[in-house]
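Below, the features straight out of Swiss-Prot:
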TRANSMEM  14-34  transmembrane segment
TRANSMEM  63-83  transmembrane segment
TRANSMEM  99-119  transmembrane segment
TRANSMEM  122-142  transmembrane segment
TRANSMEM  146-166  transmembrane segment
TRANSMEM  206-226  transmembrane segment
TRANSMEM  239-259  transmembrane segment
TRANSMEM  307-327  transmembrane segment
TRANSMEM  357-377  transmembrane segment
TRANSMEM  451-471  transmembrane segment
TRANSMEM  479-499  transmembrane segment
Amino acid sequence: MTGMPLHRALLKNFLGYAPDWYKLTIFCFLLVNPLLFYFVSPFWAGWLLVVEFIFTLGMALKCYPLQPGGLLALQAMLIGMTSPQQVWHEVTGNIEVLMLLVFMVAGIYFMKQLLLFVFTKLLLRIHSKALLSLAFCGAAAFLSAFLDALTVIAVVISVAIGFYGIYHRFASQQGGNEADISDDSALSSEEHRHTLEQFRAFLRSLLMHAGVGTALGGVMTMVGEPQNLIIAKSAGWDFVSFFLHMSPVTVPVFICGILTCVLVERFKLFGYGVNLPDNVRRVLEDYDRDMTEKRTPQDKVRLLVQAVIGVWLIVALAFHLAEVGLIGLSVIIMATAFCGVTEEHAIGKAFQDAMPFTALLTVFFAIVAVIIDQQLFSPIIRYVLQSSESSQLTQFYLFNGLLSSISDNVFVGSVYINEARSAFENGHISLSQFELLAVAINTGTNLPSVATPNGQAAFLFLLTSSLAPLIRLSYGRMVIMALPYTIVMTLVGLLCVEFTLVPFTDFLMNNHWISLPNLTLSGSHS
């Protein structure tokens, strides 16, 4: 090996342990992009870049998308597809999301003891898998109506890693918390391997139910998703009026989403329906008993402190007392101070999981900058705005859903609501039509986007988390498991936009539950 030529060594180092065919594919992408951009069409080069980036996300288990996606984004800036200034504009425009990832996810890490305590009790008390799935989906939906979906999914990931670690350490006979739970070589028997596979399938289904739950709840309120806030501000709605305007679509979708959760579990469809293995249940029960017996007064105080911080977290986020990232930072400060975590090394561990994804999301904003500079969505937006008022609602809903499933739904929602607001300000559509379009944009952005991990930041965070490889949750598997929800939520949402939105909005208006906001036909919509 010492005599290896330099070019071979470079190829071996390039993207590390990724397969050779994957390395060659990325190399071909980097070769083709400038040729297409300079000699064929910048527009189609932009679309090819979007497809390539989606490919890197799809191959996340072969190679973390930050490196190949980052190389593609860097090249896009170098050849002029976008500029560093535009990328920085996108990054600063989404600074709340980045701060959330840096501080909120780390804050949740310091509440792990309480979360594991609560969810272990929940898991061991509820024996019906359908009921447990319903509890996870419903709890995620409720929390996502008030908290950010990323925060909710970070909680569920933290709990799932805790459960997985407890059984893996038992099965591999590694007692300490420092044991490598990603290494299956130490599993002591074939029975443990089989049980672990079952447990992985069980955790996958719970996580997907929770992930979809964040979308079901997040679409309902103006604080549920970042783009909701942008849409609410543009339409002049407060918390209650936003909920009421959305309810003709979101309430039927929520009911059908919950029914889908029960049906896929009951009939064991699309990878759902796997029960918690008895061996794992016994290990978790033993762990729970052991922890209860060993719990010292200090441990009990830690749980109490974390519970109080949890209440602060929900209240602060629900009433938007500060930006999400700052609330996360306050959680870190209080949890570490009152639980006695003061060593730099111990605090640093909390940031390990979120930082790679934070970097990846920044790369994602570079791709969004290309979409803006090359105006990749402009033809679609122009086409929709030129159609008749009667067909605008369904077209806005469908095109929002399509674009949100391949791009950032915050970006798509922002672009569409700005275009709709401009059309209203220029007198092309009425105020009532603008409000209906705002509902179609919000629901279209949030509901069909569960189809792929690209559309929902919470799904992308789950896919690229340290948990995904542990439970064998790949891009393809996520798409398949999300499929029943995608079909039901998209179709029910579409039918509601088409048939119930207008009459129910009129009903709410006539009964003075909602009223037209005082929007002017001129000026910016800041």
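The backbone N, Cα and C atoms fix where each Cβ goes, glycine too.
Since the structure is predicted, the reported quantities are computational estimates derived from the model, not experimental observations.
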Looking at the stretches 122-142, 206-226, 239-259, 451-471, which one shares the most CB pairs under 8 Å with the transmembrane segment (479-499)?
239-259
Looking at the stretches 206-226, 307-327, 451-471, which one shares the most CB pairs under 8 Å with the transmembrane segment (99-119)?
307-327
As a test: from 63-83, 122-142, 239-259, 307-327, 451-471, pick the stretch that has the greatest number of Cβ pairs under 8 Å with the transmembrane segment (357-377).
63-83
What residues in the same chain, six or more past the boundaries of the transmembrane segment (14-34), come closer than 8 Å to it by Cβ-Cβ distance?
45, 48-49, 52, 55-56, 59, 62-63, 67-68, 71-72, 75-76, 79
Which residues of the same chain, at least 6 past either end of the transmembrane segment (63-83), have a Cβ under 8 Å from a Cβ in it?
15-16, 18, 22, 26, 29-30, 33-34, 37-38, 42, 45-46, 49, 52-53, 56-57, 356, 359-360, 363-364, 366-367, 369-370, 372-374, 464
